[in-house]
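As structure tokens, the structure follows; a few thoughts come after it.
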């Protein structure tokens with residue numbers, strides 16, 4: 001019989017194991033036929049009863065009259081089915097010895113569990129001997145819940161491990177001596193690892209035969225292993241898979257991973273080219289797939305990939321034909337030039353080839369091998385070829401073919417353009433007299449002299465132009481007349497222009513280059529110059545007026561700017577006077593320096609504004625200090641408390657620190673009695689003198705509290721910044737400030753003082769501080785901090801502001817500590833380390849909900865004291881309910897916070913409703 005069970009998480013998230021049951025008495029409907037010893041006077045009695053679900057089950061019970069005799073109960077032979085260890089789950093009850101009659105002199109509340117291995121079912125009433133050897137002891141089982149007469153009937157459940165097992169089967173034996181108990185059910189099972197799929201590897205159901213058992217898996221469908229060996233994984237003895245697979249499988253090309261356990265075929269229009277964990281990608285441009293699970297996208301009709309193109313490259317096509325072939329004949333030499341195709345086919349590797357055929361009548365043959373091409377005939381990157389070695393008075397057809405990288409794999413003929421040329425015919429006379437005739441804002445008109453007539457009339461003119469010194473950017477224009485208009489030129493740029501004529505014999509030579517400058521019209525230039533001149537005149541006038549006004553105001557404010565001791569060295573230079581040459585440096589500053597006029601001071605930004613109001617009041621413990629430091633040798637009489645504490649770390653005695661805290665509390669008491677709230681109380685805003693007298697300062701955020709209500713409150717309507725680490729939670733959440741919120745801040749100041757200026761909450765972010773406070777976490781006691789002072793801090797940090805003490809109560813508490821210095825020597829222990837975790841002040845669960853001492857300590861996170869409680873004799877919840885502070889000190893619980901947490905949980909049994917009383 002196999003069951004799925006949930007278990008605790010291990011190294012991975014594989015938290016499911018299989019259990020196979022070897023024996024379960026709850027499923028038996030007839031006598032169990034177990035062996036009882038001694039058989040002459042058996043005390044074990046088999047009975048029928050009801051389980052917790054109301055089903056009929058077979059049970060054994062014993063309550064011997066003679067408690068000095070060992071009573072044994074042995075199960076039938078149980079085959080182990082290949083398991084090397086099994087688990088025994090026992091449900092039982094035990095009667096409390098105190099509830100037994102006085103005749104039970106040696107009463108016990110435990111029993112022993114043994115097992116005996118055998119290859120055959122050979123046990124009898126006398127064999128093996130009823131003793132620990134040959135039987136192997138598993139454990140002494142104790143009850144967590146004991147029955148008492150008239151009390152709640154609650155059963156215990158214990159699970160123990162039996163093994164290692166090596167023979168074919170085993171027996172279980174229960175030994176009771178002086179225990180009044182009942183066996184309600186016994187279940188024997190073993191664990192094995194379930195079939196699982198991880199990292200695209202499938203592993204079968206595996207039974208562990210040792211601490212770890214290696215299992216061999218297979219790759220899931222459409223995946224392959226990354227190495228030569230198949231994937232393996234280890235099955236632990238607790239029926240859980242341990243660690244990741246030793247080697248992984250990855251999805252094949254055309255398949256992508258899904259949920260780390262299967263490979264899915266790429267959909268239509270997607271592909272995956274390589275083995276691995278990458279996802280399918282959308283097909284590149286001009287390609288698609290014909291079926292799911294494709295590793296490459298096929299090009300659409302008319303498109304191709306070159307042999308060296310990657311599978312993720314876009315498909316491209318052949319280029320279009322070259323354009324505008326022009327030629328120049330010089331006897332038997334022909335120069336061909338052309339323009340780039342309109343469509344390059346989507347590629348950059350464009351090249352050209354030139355084919356030549358000689359025609360006589362209707363018959364054409366390829367040109368002879370004596371014809372040469374420069375720079376070449378095939379694979380020409382440029383757009384100009386010179387052809388030599390032609391025959392005179394012969395007609396040739398030249399074909400310029402455009403090619404790119406896919407021309408070799410395409411079954412379509414490449415696009416081309418052809419031109420017919422006859423050699424050794426009269427060509428046109430070169431053109432001359434190129435000139436600019438008219439220019440506008442967007443165009444330039446060019447004309448030239450008509451060449452003298454030859455035996456062939458001029459059919460057209462061809463003009464080419466480009467920016468000067470850029471011979472590779474020619475642009476061509478044709479015209480039937482000896483003039484042309486050029487548009488879209490760059491202004492204020494110089495162009496080079498050439499013209500040639502074409503007759504029936506072909507094109508003549510280009511004329512020498514003529515330089516044409518494209519400039520704006522004179523009227524536009526004149527308008528621009530006028531506007532610039534007017535702007536300069538206005539600017540000069542503004543500067544003159546500004547200088548005049550500045551000099552006039554300077555004479556008015558400072559008629560005698562320099563005293564007799566200030567000498568001028570040249571124009572506009574003032575001699576520097578070293579103030580240290582004077583006996584009193586302040587005198588040098590008064591004579592040499594000049595105070596800046598208030599009207600020249602400009603406020604650029606306000607940082608930390610007091611929300612437009614300032615409170616002004618005076619008290620013996622409140623001070624408003626204005627320090628004016630001149631030079632570098634003047635020290636202020638007061639310093640910030642935070643700086644003083646950091647500079648004197650560990651040098652003040654506790655009584656001195658309490659005296660400083662008392663001075664701060666006295667000042668805040670006066671402030672609260674005057675109905676003011678400080679809102680920025682921190683060690684940095686406390687001033688201290690050489691006598692360690694502390695004064696409260698920095699009242700920029702202080703406000704007057706309204707007195708027309710039972711709870712005077714100031715609500716901030718502005719969104720200014722507030723010191724999160726010192727501010728009470730209600731002030732952070734609702735912007736409501738009271739004297740109670742100042743009490744919270746005073747508790748943080750106490751912590752700063754006792755930690756000698758350490759930053760509250762250390763390196764936690766403001767948001768983390770807010771979250772921790774909302775979850776009832778508080779700062780721990782600083783090193784060597786008296787327990788009474790830390791308890792006062794915790795009182796100041798009560799979540800409910802009405803529960804916090806008033807400043808008058810704080811002053812009284814500090815006075816009592818000063819009058820009793822011995823109380824400052826009681827400190828709580830804290831863990832070593834540069835920083836300490838926050839204290840958890842969340843209320844513990846009710847003690848009555850816990851079934852044992854161990855469960856109760858774990859529920860309040862005090863499991864570190866479990867052994868100490870048990871050794872001190874506190875083994876039951878009833879005993880725990882009567883524990884006291886002296887008991888805790890005797891056990892070893894010395895931390896005040898831990899004592900308070902434990903006693904708060906115990907208090908739930910003493911106070912009706914579970915509410916605590918202080």
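Quick reminder: no glycine exception, Cβ is built from N, Cα and C everywhere.
The active site, proton acceptor annotation in TrEMBL covers 680. A sphere of 10 angstroms centred on the C-beta of residue 680 (active site, proton acceptor) encloses 21 other C-beta atoms.
Under the heading disulfide bond, TrEMBL lists 63-180 (among others).
The feature disulfide bond is assigned by TrEMBL to 97-107 (among others). The Cβ neighbour count for residue 97 (disulfide bond), using a 10 Å radius and every protein chain shown, is 16.
Confidence across the domain 'Eph LBD' (19-198), taken as the mean pLDDT and rounded to a whole number, stands at 90. The annotation domain 'Eph LBD' is assigned in TrEMBL to 19-198.
Positions annotated as domain 'Fibronectin type-III' by TrEMBL: 318-426 (among others).
According to TrEMBL, the domain 'Fibronectin type-III' annotation covers 430-521 (among others).
Summarising the annotation, TrEMBL assigns domain 'Protein kinase' to 499-839.
Under the heading domain 'SAM', TrEMBL lists 852-912.
Taken from TrEMBL, the feature transmembrane segment covers 525-550.
Cα-Cα distance from residue 63 (disulfide bond) to residue 97 (disulfide bond): 11 Å (rounded to the nearest whole number).
Within 10 Å of its Cβ, the residue among the disulfide-bonded residues 63, 107, 180 with the fewest other Cβ atoms is 63. For the pair residue 180 (disulfide bond) and residue 107 (disulfide bond), the C-alpha distance works out to 8 angstrom.
Geometry remark: residue 97 (disulfide bond) versus residue 680 (active site, proton acceptor), CA distance 64 Å. The two recorded residues residue 680 (active site, proton acceptor) and residue 107 (disulfide bond) have their Cα atoms spaced 68 Å from each other.
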